[in-house]
Amino acid sequence: MRIVHKLSDLRRAVAGLRGDGAAVALVPTMGALHAGHMALVEAAQASGAKVVASIFVNPKQFGPTEDLARYPRPAEADTKLLTEHGCDLLWMPGVDEMYPAGFATNVSVSGVSDGLDGAARPGHFDGVATVVAKLFNQVRPDAAYFGEKDFQQLAVIRRMVADLDFGLEIVGVPTVRESDGLALSSRNAYLSADERARAVALPLALTAAKRATEAGERGAIPAAMASLAAAGFAIDYVELVDAATLGEPVPGRPRRLLAAARIGTTRLIDNLPVAASTNV
Ligand code: PAF
């Protein structure tokens, strides 16, 4: 696998990959790679495309009190994992390459960015949209792969791609989970053994709330919040929304149940699909 750090090298390397007429798929990441990221690489490979992964810990999507400084950066292990999985090219720009002096543009996707994590983390989705727009322009892929664990991020990117005519396919890949149900996340590395044991309350609460909601029961969300609180989580939100707009659920349309909560100093997010219902 070739690794490039400069935009000029990236452009040449991508042109080389396309040389034989191959499609190019992008897997954008912030590194600290795990099996969830590898599922994205594998899905991209299964499409027959050449796969470009990017690793860039994007300062613009971290708030001033968030974990930018301590965010894990295991570059050697990440490179090894991508090489073993047969990734074709790794784009690893530095902050100055991504945001040279004078950089002044902000991509903001209103509506779908506003609630949930957008409300809990002001500016976060502007940072995500800005860097993802840049990655799309840098690599110019035919498709890009994102995990459904970051469900609101996926919705923001889909909206941006449609609104700005990026002309590439956005593929959402189902969340990969530990055997007890905890969604894989680079931030799981922050959890102590005790927090890790209690963290399973998050997928359990969502699963119970999904079943209760689909069975037409009332009170599923307060019950999920109570079980999260009992496990020691501080809750940012547990919400049932329309799966496409992330606004109010609409009768007859797929829904999504999303949650964000902190255990100790670690903020975890998760979500599950909820079947459409005629009476929401
Ligand atoms: O999901 C992530 O890892 C990041 O938000 C992304 C999409 C790579 C943008 O920095």
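Placement of Cβ uses the backbone N, Cα and C atoms for every residue, glycine included.
Its Cβ placed at the centre, H37 (active site, proton donor) has 27 other Cβ atoms within 10 Å. Positions annotated as active site, proton donor by TrEMBL: H37.
The ATP binding site annotation in TrEMBL covers 30-37, 147-150, V176, 184-187. In the shown protein chains, 18 other C-beta atoms lie within 10 A of the C-beta of E148 (ATP binding site).
In the three-state DSSP reading, Q61 ((R)-pantoate binding site) counts as helix. Residues within less than 8 Å, Cβ to Cβ, of Q61 ((R)-pantoate binding site) and separated from it by at least 6 positions along the same chain comprise G123, H124, F125, G127, V128, V131. Under the heading (R)-pantoate binding site, TrEMBL lists Q61, Q153.
If you look up TrEMBL, you'll see Q61 marked as beta-alanine binding site.
Here the Cα atom of H37 (active site, proton donor) is found 11 Å from that of E148 (ATP binding site). When each of the binding-site residues M30, L33 is scored by how many other Cβ atoms sit within 10 Å of its Cβ, M30 comes out lowest. Selection of the recorded positions L33, G36, H37, E148, V176, S186 by a Cβ distance under 6 Å from ligand 1 yields an empty set. In sequence order, D117, F125, V128, F146 are the residues near Q153 ((R)-pantoate binding site), counting only same-chain partners six or more apart with C-beta under 8 A. A helical conformation is recorded for S186 (ATP binding site) in the three-state DSSP classification.
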